[in-house]
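> Please find one structure pasted underneath; my questions will follow.
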Amino acid sequence: MPAHLLQEEISSSYTTTTTITAPPSRVLQNGGGKLEKTPLYLEEDIRPEMRDDIYDPNYQDKEGPKPKLEYVWRNIILMGLLHLGALYGITLIPTCKIYTFLWVLFYYVISALGITAGVHRLWSHRTYKARLPLRVFLIIANTMAFQNDVFEWSRDHRAHHKFSETDADPHNSRRGFFFSHVGWLLVRKHPAVREKGATLDLSDLRAEKLVMFQRRYYKPGVLLLCFILPTLVPWYLWGESFQNSLFFATFLRYAVVLNATWLVNSAAHMYGYRPYDKTINPRENILVSLGAVGEGFHNYHHTFPYDYSASEYRWHINFTTFFIDCMAAIGLAYDRKKVSKAAVLGRMKRTGEESYKSG
């Protein structure tokens, strides 16, 4: 039995998942309808949480000259130093203790989950609900990752979805690989990002005390959890050299987590296939999913941003979904939203690339 089918049988026995079903419609019956007349909220896409993370095809860039790039030299210098330190950390790998490797792997996975299961699937898209202990864990893990606080990350990500591949998209991939990967962090935001970002409903984030607490104490939290703790633990507990602890366990580990996330914005918007919606840039990219613990099924995710698995196949190359399901098994996660097979097939028939089909 295929792994994803076995997983579905197992998970259905111990948890409740909200399935987003496809109501009867002419679209599902014959795949008809012209794409340019497709409404903003498709019949198969309707769900109750929020709609500020759903692509708005009606938004277009304003005509006229583009604003001049304004470089943020502080970010350029810090990113340059970080990656120089990470490169030096690579040369130290042969001298590191085995416990340090295990520590780095542990810190990498926890940090990644703070992004994927935390700020992305929980807070940005509200694809599932989490009880307080899980939310506390994810807010700590997110701080360990140091990729902006939950409020700012979620705001930018909702803008990225709603205004994808336009000037209002913070990391618009139409501006090139480097810009969508890291360049967007090295320059001032395009005025359209600020203008359209201000129109998004962020009341759910402002109302959550844990999110605002993290935002208030983010800088000292990052200093402790992203830099001090991962350096001191191997140095103090098992006698790793301070040099290895700093450059390998901290700088290299942090740089790898950053680039794994950035590849979702760059590579997964340029390389891969589009079985769900060929009219948008995001693609299915297995290599990205491996590094980003399940975030590489990007054509599916941009088509169905409210699916907690961010993929049609749940556990397939998707450790984040496995983690969320484990949390559901012990009662810490609930109300996981999963798009029905009928809705997926209907969307593939109508907008997907013809050379691919649902597995």
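From the backbone N, Cα and C atoms, a Cβ is placed for every residue, glycine too.
Sharing the feature lines straight out of Swiss-Prot:
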BINDING   N75, N148, R155, D156, R188, K189, W262  substrate binding site
BINDING   H120, H125, H157, H161, H301  Fe cation 1 binding site
BINDING   H160, H269, H298, H302  Fe cation 2 binding site
MOD_RES   S203  phosphoserine
MOTIF     157-161  motif 'Histidine box-2'
MOTIF     298-302  motif 'Histidine box-3'
TOPO_DOM  94-97  topological domain 'Lumenal'
TOPO_DOM  238-241  topological domain 'Lumenal'
> Out of N148, S203, which has the highest number of nearby Cβ atoms, where nearby means within 10 Å of its Cβ, if these are the recorded positions?
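The residue with the densest Cβ neighbourhood is N148.
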> Given the binding-site residues H120, H301, H302, which one's Cα is the least distant from that of W262 (substrate binding site)?
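With Cα distances computed to W262 (substrate binding site), the winner among H120, H301, H302 is H120.
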> Within 10 angstroms of the C-beta of H157 (Fe cation 1 binding site), what count of other C-beta atoms is obtained when all protein chains are considered?
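Within a 10 Å radius of the Cβ of H157 (Fe cation 1 binding site) lie 21 other Cβ atoms.
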> Say you check the Cα of R188 (substrate binding site) against those of the recorded positions H120, H125, H161, S203, H269; which is nearest?
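Nearest in space to R188 (substrate binding site), counting only the recorded positions, is H161.
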> Taking the Cβ of R155 (substrate binding site) as centre, how many other Cβ atoms lie within 10 Å?
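Result for R155 (substrate binding site): 21 other Cβ atoms within 10 Å.
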> Please report the Cα separation of H157 (Fe cation 1 binding site) and the residue listed as 'phosphoserine' in Å, rounded to an integer.
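Spelling it out, the Cα of H157 (Fe cation 1 binding site) and the Cα of the residue listed as 'phosphoserine' are 15 Å apart.
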> What are the DSSP helix/strand/coil residue counts across the topological domain 'Lumenal' (238-241)?
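The breakdown for the topological domain 'Lumenal' (238-241) reads 0 helix, 0 strand, 4 coil.
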> To see if you understand the setup: which same-chain residues, six or more apart in sequence, place their Cβ under 8 Å from that of H125 (Fe cation 1 binding site)?
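D53, P305, Y306 - these are the non-local Cβ neighbours of H125 (Fe cation 1 binding site), listed in sequence order.
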> Of the binding-site residues listed here (H120, R155, K189), which is spatially closest to S203 (phosphoserine) when Cα positions are compared?
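That would be R155, nearest by Cα distance.
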